[in-house]
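As written in Swiss-Prot, here are the features:
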type	residues	note
BINDING	R95, R105, R133, D223	substrate binding site
SITE	Y140	site 'Important for catalysis'
SITE	K191	site 'Important for catalysis'
BINDING	D223, D247, D251	Mg(2+) binding site
BINDING	G281, S282, A283, P284, D285, I286, A287, G288, Q289, N290, K291, A292, N293	NAD(+) binding site
Amino acid sequence: MTKHIAILRGDGIGPEIVAETVRVLDKFIAQGLDADYEYAPLGGEAYDEYGHPYPEFTQNLCRKADAVLLGAVGSPQYDNLDRPLRPERGLLAIRKDLNLFANLRPAVLYPELANASTLKPEIVAGLDILIVRELTGDIYFGEPRGIRVLENGEHEGYNTMKYSESEIRRIAHVAFQSAQKRSKKVCSVGKANVLETTELWREIFEEIGKQYPDVELSHMYVDNAAMQLVRAPKQFDVIATGNIFGDILSDEASMLTGSIGMLPSASLDENGKGLYEPSHGSAPDIAGQNKANPLATILSLAMLLRYSLNDEARAQQVENSVQKVLQQGLRTGDIYEEGTKLVSCSEMGDAVLAAL
């Protein structure tokens with residue numbers, strides 16, 4: 001049965017990195033992958049065309065699709081729009097609309113990039129962490145929220161942090177099942193000493209953990225976890241955490257690898273449908289200059305093949321091809337160092353295709 005993929009180019013470098021990734025997808029389709037794809041706008045591109053960052057056309061296409069591939073959203077030119085109309089709101093809206101509750105962000109350090117990390121090679125060599133972040137709850141979506149005027153005339157901003165038992169249960173299962181395929185360790189991260197939300201989180205993880213006796217469960221406060229990621233990151237296998245803590249920790253973990261331009265991500269629903277995107281932003285400063293690193297987006301396609309199309313063989317083919325071009329010494333500007341060859345976005349795409 002043909003799988004349908006919605007492709008959202010987005011803003012900034014989004015169209016460039018997506019173009020290189022689609023070339024890989026086209027090659028697989030030509031070789032017999034039973035899939036097709038259609039483009040739709042999201043973010044600033046969608047606002048320009050439809051007046052909304054997540055328009056009805058895009059909603060309908062994404063709801064019908066088996067998987068969604070996204071470039072990046074956001075650009076300073078939209079900063080003065082009302083908050084609900086800004087490009088980033090399109091990303092929040094699609095996650096909520098498709099009920100993409102589980103965000104998987106690998107932080108893997110390729111041996112060829114060991115010197116690109118800001119940490120000493122002996123601390124990060126062989127790093128392979130997976131951060132499992134809950135995406136649709138927590139303080140980003142909690143109500144009530146807003147800015148109000150107090151009786152004394154002072155303005156006050158307020159937000160609501162909350163998690164239901166069912167929300168925690170389903171993300172816990174994703175974390176434990178992910179760990180079973182890896183090194184069988186889950187570290188649950190929160191702030192249970194001061195936040196009731198994460199106190200409940202810890203209790204539920206303890207309960208669910210009993211269903212996975214082969215997986216070792218530990219707990220860590222988020223401030224300590226942030227420190228340990230820099231001090232001794234290889235102690236971690238799967239880190240499971242809520243929306244706001246996961247947002248921060250996954251960006252921190254990404255820099256252990258030397259470049260956020262290397263890191264893919266998957267956001268999944270309960271049935272394996274997913275949104276796949278690079279972990280980096282839209283980099284408007286280099287947009288349209290053929291300088292962007294397409295590898296995180298190409299690796300996001302590998303995750304799409306693995307999780308939504310159940311095609312492990314092609315997923316590994318993509319990952320092996322990326323490793324091969326790194327072994328050949330090819331580098332975009334973000335991962336370039338002396339002794340390697342600086343290439344453009346499209347040249348990196350050429351190299352991955354050749355390696356396939």
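Glycine is treated like the rest: Cβ placed from N, Cα and C.
Feature annotations (Swiss-Prot) mapped to structure.
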residue : record                         : contacts (Cβ under 8 Å, 6+ apart)
R95     : substrate binding site         : L135, T136, S267, L275
R105    : substrate binding site         : L130, I131, R133, S250, A253, S254, L263, P264, S265, S279
Y140    : site 'Important for catalysis' : L92, N243, I244, D247
K191    : site 'Important for catalysis' : T198, Y221, V222, D223, F245
G281    : NAD(+) binding site            : G12, A72, G74
A283    : NAD(+) binding site            : G12, I13, A72, A292
D285    : NAD(+) binding site            : none
A287    : NAD(+) binding site            : D11, G12, I13, E16
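Residues within less than 8 Å, Cβ to Cβ, of K291 (NAD(+) binding site) and separated from it by at least 6 positions along the same chain comprise T332, G333, S344, C345.
DSSP assigns R133 (substrate binding site) to a strand segment in the three-state reduction. D251 (Mg(2+) binding site) falls within a helical segment according to DSSP. Rounded to a whole value, the Cα-Cα separation of Q289 (NAD(+) binding site) and D251 (Mg(2+) binding site) is 25 Å. Around the Cβ of N293 (NAD(+) binding site), the same chain contributes I17, S259, G261, M262, H280, T332, G333, D334, I335, C345, M348, each under 8 angstroms and 6 or more positions distant in sequence. Each of the binding-site residues D223, D247 was scored by other CB atoms within 10 A of its CB, and the lowest score goes to D223.
All protein chains shown were included, and the count of other CB atoms within 10 Å of the CB of Q289 (NAD(+) binding site) stands at 13. Other than D223, D247, D251, the residues of this chain whose Cβ falls within 8 Å of the Cβ centroid of the Mg(2+) site are, in sequence order, V222, A226, I244, F245, G246, I248, L249, S250, E252. Per-site Cβ counts within 10 Å over the binding-site residues R133, D251 peak at R133. Spanning the listed NAD(+) site, residues G281, S282, A283, P284, D285, I286, A287, G288, Q289, N290, K291, A292, N293 have a farthest Cα to Cα distance of 16 Å.
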